Amino acid sequence: MRKSDFGRLDHHFDVFAVDFHEELSGLYGEVLRHETAFLHECVKKLLNLYRPNTSLVLLAHSMGGIITKALFTLPGFDSSSISLMVTYATPHRGPVALLDWYMAAFYQKLEETWTKNRRSLAQVTIVSIGGGDRDFLVRTDLTGLPRSDWDLSTTTTAVPAVWVSTDHLCIVWCQQLVLATARALFDLVDRQDNRVVSDPQRIQEVAHFHFLRQPFGKQLSGYLRPEVVEFGPGGEWIEKFEASWRFTRAKVLSSVSLIVPLYEQDSVVFVVAGLENKDWIYGCTATKDMRGRTVCTKGVSLQGERIPARRSDEERRVFHERSLSLKMRGFKCLLIKIVATGAKQYNMYGEPIGGHGVTVVGERYRRGGRNKHFPPPSATWAFTPSRIFTIPMTEGAVFYNVTLVGFRHLLQTYNYILETRICRTGTQGQGIVRYVVPWAHEDRFFHIRTAMGALTDMPLKVQNPVPPGEHYSGVRLELYLDPECSYALSAQFSLKRFLGQVVRHYMAMVPAYSVAQLMLALSFQLSSISATGLCPSLLSALNQARSAILLVVLPTIFRGLVWPVLGFVLPQPDDIGVYGFENVILRAGLYAMGLGINVATSFAFAAATIIFGHFWMRFPLCFHQNGKLKFEKHINIKWSRFLVFLALFLIGVSLTTSAALALWLGVGISCFKLVGRCGYQRALEDRKGTSGITTGWHLHATLVILWTCGALLVLPSLIVWAHNVPYPLRLPEDPHLPCSIFILLSMAVLWQQEIPMVHRLYYKTTSTFVTCLAVLCALYCPVKLYAIIDFIAAAFTAVALQQVIGGDITVKQE
């Protein structure tokens, strides 16, 4: 709207905002369905305000982009009413974390609809813009769209005139990106009837101009490039025969024409700054000799590309092409046209803008000598940089293309350092480095520092994995250099950024392995009770359980060998994004991270339990029968009505409010009981010695930690329920209700004082069952986090059933 006012345009956009009341749709999938229906009603209402055949442009942030795409899954939606969708930091490829099966089903339906009907929806163009590495909520690889002719995926670091990374919220109000979007919208207006164009080809042309590659200026509409341009002999004509050269004028009073000859074996590159004309480089189709100099009489305008400049009020462009391809198009030479600079202008603060003069740097070079291929440094060079190559000043190089062979994995992180060794006096320093990922639009730019000995740090990493079925040798560094300087390029492995990539891309998979290891520890405890009658501590069980083979090797074998054969019978395991040997390495890493978390958590939890249990026993009411410790063996469970009613009460809470609330209340009760049980059994052990009765609290500690893990995974639904609690008291379509009921029914048994009863049967059978659950959890839950609570509920149910239905046997106490 401000652009319409300040630009005195004869048209403007009606802008409407849809308020979803901050319903936290990223945490609870069922909200997405209701918001899609609400947006559908809003779209129908807006269309009724205008004449027929009006098309809308939808701008959506985060999960709003998913909701806009979901409109096309509704049976009554008119898909022809939408011509363009621009999404900002929207996780198109999948949610940040799959926390409930409603969200999984929603994404699956969305993918099926768009995959099946994308060709019939060709009139709809989708532009997805990711925030880059500063967006810690939605990773860049999640914002990518499937490859198609109608969609465009990019990041803010590659958007012309933006060229910076944004966080998840900043991407909405980033001024540079707002302006780019506004200019794109006005370029989409048909000036004849003041309506948004419906031609998909025109929409894609505008989208590519504003969000991907901008050859000139800020606007595309209203500018028609002539096919052939005729030039007069006026102005100053200069021929550039040197291999590398620089043209600098503080002020251009009359037009200047630079003629650059073409040689088939060479390539040409030009970097210009300060030009005011949109068309600045031409391929000459006709020339003549005038006073011993070549003059271009006819030419065709060629397109360069905008790149970042050091100053915000200056525009820098680059042109790069092979001479042979230019000569095959009939061009005899190249013409760089420099028009007279205009009068000095001032900004709103009265400060002068522009007037910095014109600089053109050019070079002809042989591609073979300027295309370098180097492997990235190994992890052993994490502390000292290794020198890659040097560029002497005598070479006068303007461009180098460095391919980093093998640099294409998410976990490869390096610091590349370009050292400016020495420059000639008066050098202004026009150098810049462009980091290019061939399979994704995530370009980054680094201005080269020109002071002698200055270091230009370039932290590099890949944010989008290579698409399946495609092969690339690696990423590239395009070095646009100052020919009057010498440089040295070094590199070293970045351990800090490597750990950051691990956390960023794979930390969400760790809970599955952490829970699987706790299940294997529980299985070892059950097996130990069966063999010796004693229950080892959780730390001891984690140390002794043979879990690496079960959780690393078996899932890899199943995913690679078994499932391709029996896939028609068995459900598909989670795809963790890597295959073959890399799958084993990643699972081993997840196992190590999960083990570290479990060991630290177990140690802290056991220490806290013992300390609080010690203080618990200081109260006389905690003893039995006038403060005397009793050593009793029970054949059957002595049911406590209070504990049974307490479990039933929590089930009622789960049915009437939220399953997550009931689970968290149960965690608190279990911790309270565990402290008392630990204090009592440790005091009994000091008096009577170690036995199955005095070590039973270790089993309960494992169960409490497992329960806490499950409660943490359902915490998002509790947050959504608390956010909406003034309206419905009960969380609609609670996805965790069945699991909570099974866990709470199991706790009606496991809370009883005699549990675990070491003389029961089927400990081995239950141990084997829990082991199978652990392996399946590592196989099916790294991505589908919502399924972890199902396996936890199954383990609790198995242990409770074993305690209830297991027969009595005599167990030797050791």
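One-based numbering along the chain as shown.
Glycine too: its Cβ is placed from the backbone N, Cα and C atoms.
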The residue range that TrEMBL labels transmembrane segment, out of 170-187, 638-655, 782-799, is 638-655
Of the residue ranges 88-110, 548-570, which one carries the transmembrane segment annotation in TrEMBL?
548-570
Counting only residues at least 6 beyond its ends, the same-chain positions whose CB falls under 8 A of a CB in the transmembrane segment (638-655) are 661-663, 665-666, 669, 730, 734, 737, 740-741, 744-745, 747-748, 751-754
Given the transmembrane segment (590-617), its same-chain partners at Cβ distance under 8 Å and 6+ residues beyond its ends are 502, 506-507, 509-514, 516-518, 521, 537-539, 542, 547-548, 551-552, 623, 674-680, 682-683, 697, 701, 704-705, 782
Looking only at the domain 'GPI inositol-deacylase PGAP1-like alpha/beta' (10-187), mean pLDDT returns 91
Outside the transmembrane segment (548-570), six or more residues from its ends: residues with CB under 8 Å to it:
513, 516-517, 520, 579-580, 583-584, 587-588, 591, 771, 774-775, 778-779
Same-chain residues at least 6 beyond the ends of the transmembrane segment (701-723) whose Cβ lies under 8 Å from its Cβ atoms:
22-24, 27-28, 31, 99-100, 511, 514-515, 518-519, 521-522, 525, 537-538, 541, 601-602, 605-606, 609, 657-661, 663-664, 666-667, 670-671, 674, 678, 731, 734-736, 739, 743, 750, 785-786, 788-789, 792-793, 795-796, 799
